[in-house]
């Protein structure tokens, strides 16, 4: 049997960050603060959702899953990046890169499907409010959540197996601060056209399907609001769906710019900027967006803070 992986590369080197010592220290402090703020925001939101009985509903169950993904996404990439900035240890083993790639694609894929599920949840809440408790039961929520995580993992397994069974026999310097799909593909000395085609088709079918569910859900919500012609309906719907819509636009915009294109159009500098948006800023902004725009979350956070104060 012919061995598929002819890799002669045992490690990769990240060259996506500045080598200037003074800028490196500044970037380390900046990214560390972003990472800590992301952790604090999402952990606080998770604690509020799990401990406050007012937030034990399908909408907040899915939001808790989103916060968990937003904890995992920067944790996969940022500790290694912070180590490279502070200690100049920029190497990562072949299998370390494989694991980082698999984990990141799994989280990004799961988030795409989860946002579609959250859009469907909002559609039922706005368009069928009386039937909402019977349609979106907690059993269905658990099944949908399990489905999104499973699909994300299987999608990532396919992507990772196709990329890391290619030959890597020459350059090993990744033009990025983590093992992302486009820069790793660019290093392969095997023909990558068929691999790229399969990845684009699978990602395109799954991604466009999730995107279609999201778009159709919001079109139905818009048509329902117009049909009812209720004065307070616009405000109620926007307060219900506004936060999720902002998160969807932010996530899809940055993800599409990074992945939905051939590697021939890969631009290291542009990709680093875009990947920092969805890898760092999106997980940071999601809990802020939901907290600022949602009265129930704000009330839950106030109750949690008062409980902590009483305990202290």
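Cβ atoms are placed via backbone N, Cα and C, with glycine included.
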For which of the residue intervals 1-24, 25-48 does TrEMBL record transmembrane segment?
25-48
Range annotated as transmembrane segment - as stated in TrEMBL, picked from 273-292, 293-312:
273-292
